[in-house]
Amino acid sequence: MIHREVVADGLERLWNVRVNCIWEADESSRHGEVYIFDHVFKQECTNSDVYGSVVKPLVDSFMEGFNATIFAYGQTSSGKTHTILGNKTDPGLFQLVSNQLFQHVARPVDKRYLIRCSYIEIYNEKINDLLDKSNQGLTIREISKEMCCLLQGSCRRQC
């Protein structure tokens with residue numbers, strides 16, 4: 001929950017969080033509608049908290065050979081960019097994942113790694129390549145029933 005969701009119209013709302021549930025309590029402290037998610041993070045949680053509980057296990061599986069996708073979804077100004085990019089005091093998921101990947105491949109083993117990434121934004125139903133600002137309005141092309149889709153023309157940078 002971001003600050004503007006906690007404070008609306010100058011009136012503080014009381015949000016209760018318990019494990020993976022969240023609900024708004026009214027002034028009489030009655031329970032409002034309960035919303036259940038896979039994970040719920042309080043306002044004071046950092047990107048590292050999100051990374052440790054949700055993203056790190058995904059990256060661990062990726063390094064074992066599984067496919068992985070990390071995306072942020074939500075309304076405008078809900079904190080997606082901050083979660084992905086972060087800042088100097090609270091690094092984002094992009095930096096935290098990169099650190100984990102490159103620490104893993106730097107270990108001396110008899111394997112060679114090739115790391116590629118794409119970085120896209122879907123905004124107003126348009127797909128934009130964030131690694132190549134001139135590459136906007138990408139299209140999704142289905143490859144086969146087993147392998148979902150490909151972003152035709154997206155930039156894949158070799159790291």
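Yeah, the Cβs are placed from backbone N, Cα and C, and that goes for glycine too.
As the structure is a computational prediction, the values presented were derived from the model and not from experiment.
Sequence annotations record features per position, and here TrEMBL assigns ATP binding site to Gly74, Gln75, Thr76, Ser77, Ser78, Gly79, Lys80, Thr81. Residues or ranges marked as domain 'Kinesin motor' by TrEMBL: 1-159.
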Densest Cβ neighbourhood among Ser77, Ser78 (binding-site residues), 10 Å radius: Ser78
Helix, strand or coil at Gly74 (ATP binding site) [DSSP, three-state]: coil
Fewest other Cβ within 10 angstroms of its own Cβ, chosen from the binding-site residues Gly74, Gly79: Gly74
Those residues of the chain, 6+ apart, with a Cβ under 8 Å from that of Thr76 (ATP binding site): none
Model confidence over the domain 'Kinesin motor' (1-159) (mean pLDDT, whole number): 80
Count of other CB atoms lying within 10 Å of the CB belonging to Thr81 (ATP binding site): 12
DSSP-derived class (H/G/I helix, E/B strand, else coil) of Gly79 (ATP binding site): coil
Cβ-Cβ neighbours of Lys80 (ATP binding site) (radius 10 Å): 15
